[in-house]
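Swiss-Prot lists 1-143 with the feature domain 'Peptidase A9', giving sequence analysis as the kind of evidence. The active site, for protease activity feature in Swiss-Prot is assigned to 24. Residues or ranges marked as domain 'Reverse transcriptase' in Swiss-Prot (evidence: sequence analysis): 186-363. The Mg(2+) 1 binding site feature in Swiss-Prot is assigned to 252, 314, 315; the stated evidence is similarity to another entry. According to Swiss-Prot, the feature domain 'RNase H type-1' maps to 590-748, an assignment based on sequence analysis. Per Swiss-Prot, Mg(2+) 2 binding site is recorded for 599, 646, 669, 740. Annotation comment: Swiss-Prot describes 864-1023 as domain 'Integrase catalytic', evidence class sequence analysis.
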């Protein structure tokens, strides 16, 4: 504007009122008429200096217009009827041509865009005219910054200020570029020279064109800055939701952060030092924690009315099918950006093209692919010389990780170099160079990926190899994948079974799939035949921790996920073949025709001329599916070692197996024998049965015999099972203990005919070695093949360990007696250490006792819910019915206010969600509750009801199943309603509909024995106009009514929680509990099998795995503590496994 024109009045507008404004070159703050500030709230006070002296005046923040342009500025009041405008508030009025250091070749950029555009004819001419019309929008100078005309941002810090940081050493080559940037920003007011107690180091970063970018390390500042809730949408979500029209445009907002002003109170936080001078930012700095979110939120809000627009930080994407519509919307975007004060860089923009680059990908009609720029960067990669270069290369490769099926496996050797680096020095080999080139070649030839279609279901295909898992995502019915995922197993996961590896891969894939699903179902295809059957995988066959299994199994209950078996998975046929581990090969014992348990033992020979006396034990059993002994052998071997006895026992079992049709399993507790058979025997056969030192094997005849048997019958499987394990800890414990007992007996047979009843423990006892628990002052001797102990109360038999559970069980099963009775019965004939504990262990495995015995301990006392402080804070709702049909209605919805007990009754034809919502909509026209409590009926747990409550801002609460005490208030009202209706409808039960208003009025005016008031009095403060009403309250003024109401409510008290019974138990995590059977029939079990407590919600509610394997919240009233748990500790897992297997 010509300076002479500033003498003329300017057109202004405040709150719709037009008035005049005058330019005042001496004004430091704008002054507006007092009348426009009467309803405004001052933000601070300042001292104003005029010709009459200094005066303190309040400052307001006001929005008004000057010359039709919106101005937001700090103002003070004036007595005049016009505005005095400060030049700093309307700098654009006297705008001088911008002069910065480097002019950009704008003409070349426009010519390039016109040449590359897919627009033709008049549309192309229209685009050229838009370039001229919006010339002020384009970036003309490097480092040119816009000015967003909005309220400045305030940078809030926490209670602790950030610590100033020292400046890093600066590369001398960067100084010239950084100084140019600082000079240009000073000219535009983006930087000011100002001292501060804070300092942030400058970190110059080289650009591809040889210049340097000024970056500041704000990490210390960001530690103290609260993260705002609104954050940028993930790029994957944006790519899946963009419109892919024929014409696509991308715009780059130049230096967008620097267009947003910050408050002067925030300047000090942004300070940095350059060449001895300290500077502060007046705009949002790059590197500040909340800059991307604040900037993106503004641009998104600015362009929200324009269709088919997506924004990610400073990148804008626009697409349409029609060229005319595309140009019209482009002009609208240009206009909005110009008026908002932004600047667009045409250097990085692409306009009206069929393929554009957005978020680092090449966007096409079908999907996304790697850009030519990215591929060129890959081709320019050279072998790294130090650790930093290697990390930079891996970061570049990682951007394209979803384009290769086995990316993680390919880059793992390169990541291993980082782990072995010595400081910044790395060891790089020709193999590493070959691997790097292989990855680059695969990425450059990678096909485009399809984008996620939110209208169809998501397909996830999973497979595994011994070292990694492979995942592919598809849109339903599509052939092109959305992305690939590759997961390399950890050292622990490599040891998993194949099923567990697949479950691990599924878990990793579902974490991503739940993001990609976009509300649609997820169909998971894998080589697992049945996901439900793997829940029954025995504990011994599980190598993963139980917490992993719980996580994996939780997916079976997710309604968003469906699992399918796919034997072929043709897309994954190139994956290396999956090799089975030993656990995966071994079937359940019931799948074998016969199972042999073998063991060998040796003792010191009683003849001094001989060193040992060995024996072997073999047990032939079948699982039908119960453990059933077919035959046993206890064979003395004479003067031999225990090792020979172990080999001889396996040889004996192999010879017996030759006579059996079908697969045979041989179990030995000798690791040496099992490993030798499975790994070394083929080598021994090939080299003539010599060991690694080329010496003949010991017991070579027996190894040859075993090799011949396996060759004649290849379906003989020999495995190792650790011996002397707790009872029922694995499938093979019982058979192993039996074989151990037989082997010990065989080793004691020298020249006698009686087979002693011994095992390894009793063998030590007879040799004068006292195992733990056997007192030394007792006398122990072998009599008639049994070990006897002489104690003060007489002689007793000490049975072998393997026989003890059966002895206890036999005594207990006579009458299913309790602990003490069973103990007395057993101890009358037998004795061993910890006999009483063993009795408890065996009894608590008795399934019949566990599911039928009554609870021995009482539940904790009922918790009193807190009474709400106001009416309408919380409602209890429930249905009564079905009742006899009356006017077409069968049910009544009962709504009770928790604070007052006031009741509303709504007749309904069915207890449905729609009927519930309809009734509650009428009630919420009076007031909206904060909480609604109900049982878990279908009408209250549906998604429709949840959506209705969410829209109303209501929180839903549910009581635990089979526990009406949780909704005691509404349950008591239900009984009162039924009782009253029954009395009023004697002889005419179908007339209840007409009496509902009478019942509601009666209940709301009935006195509560505990509070001494009626619900009507607690809600309104006065009586209703009914018989026996207190007439004094009907004539009170409104103030007196409110005073009386406050007095009544404050006098209420919450009944105290009753004291706990001395036999009450308190739940804790890990306790074994049993859930009550909901409706047990006569002579049927009253309790389900034991299950551990997973989580304690409160003293009255816990989370367990129910008998169907589902995670459920239940009340302790429906649980009993499993018997014989000391101090609430759980039983051994072996006991639970045994019961689960039995059930």
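For all residues, glycine too, the Cβ spot is worked out from N, Cα and C.
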Recorded positions: 24, 315, 646, 669 - member with fewest neighbouring CB atoms within 10 Å:
24
So which one is it: of the binding-site residues 252, 314, which has the fewest other Cβ atoms within 10 Å?
252
Which has the fewest other Cβ atoms within 10 Å: 599, 740, the binding-site residues listed?
740
Distance, residue 740 (Mg(2+) 2 binding site) to residue 315 (Mg(2+) 1 binding site) (CA atoms, angstrom):
75
Calculate the per-residue pLDDT averaged over the domain 'RNase H type-1' (590-748) and state the result as an integer.
85
Please work out the helix, strand and coil residue numbers for the domain 'Peptidase A9' (1-143) from the DSSP assignment.
43 helix, 53 strand, 47 coil
According to DSSP, which kind of secondary structure is residue 669 (Mg(2+) 2 binding site) found in, if we only use helix, strand and coil?
coil
Calculate the distance in Å between the alpha carbons (Cα) of residue 252 (Mg(2+) 1 binding site) and residue 740 (Mg(2+) 2 binding site), and round it to a whole number.
79
Enumerate the residues of the same chain, 252, 314, 315 excluded, that satisfy the criterion Cβ within 8 A of the mean position of the Cβ atoms of the recorded Mg(2+) 1 site; list them in sequence order.
250, 251, 253, 256, 312, 313, 316, 345, 348
DSSP secondary structure for residue 314 (Mg(2+) 1 binding site), reduced to helix/strand/coil, please.
coil
Measuring Cα to Cα, tell me the gap between residue 314 (Mg(2+) 1 binding site) and residue 599 (Mg(2+) 2 binding site) in whole angstrom.
75
Other than 599, 646, 669, 740, which residues of the chain come within 8 Å of the Mg(2+) 2 site, judged by Cβ distance to the Cβ centroid of those residues?
598, 600, 601, 617, 649, 668, 670, 723, 736, 739, 743
Report, in whole Å, the straight Cα-to-Cα distance of residue 24 (active site, for protease activity) from residue 740 (Mg(2+) 2 binding site).
107
To the nearest whole angstrom, state the Cα distance for the pair residue 599 (Mg(2+) 2 binding site) and the residue listed as 'active site, for protease activity'.
107
Mapped DSSP class for residue 646 (Mg(2+) 2 binding site), helix or strand or coil:
helix
